[in-house]
C-alpha cells in the first residue's frame, strides 16, 4: 500500500492541495457507542451453618468407617496394609495345597 504524501513533500505537481488539511481521525474505540450498564449481580445463597459438634458421613469418609468396623471383626487387614499372622498362614496353606 502506498504511503501518504505529507504536505511538505507535495511541492511538485499538486501544489494547490498543500493548503487542504486532512480531517482528524477518532479511534474506533472512542467513536463506538458506550457499553450498556451491567445488571446487578444476584445475591448468592448462603449455606445454612451447621453445628460444629454434628458429624456427617460423606463419600469416602463413610466407606472408611465401614472398613474400620470390618477391621474390628478381624476380617480386614490392619491399617498399615500389613496382613495379620493368621491370615498370612491361611494364604500360604492354600498356595501349598494347589501345588
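Just so it is clear, glycine is given a Cβ too, placed from its N, Cα and C backbone atoms.
Among the candidates 47, 78, the residue that Swiss-Prot annotates as phosphoserine is 78. Of 57, 93, the one with phosphoserine in Swiss-Prot is 93, while the others lack that note in the record, though it may still apply to them.
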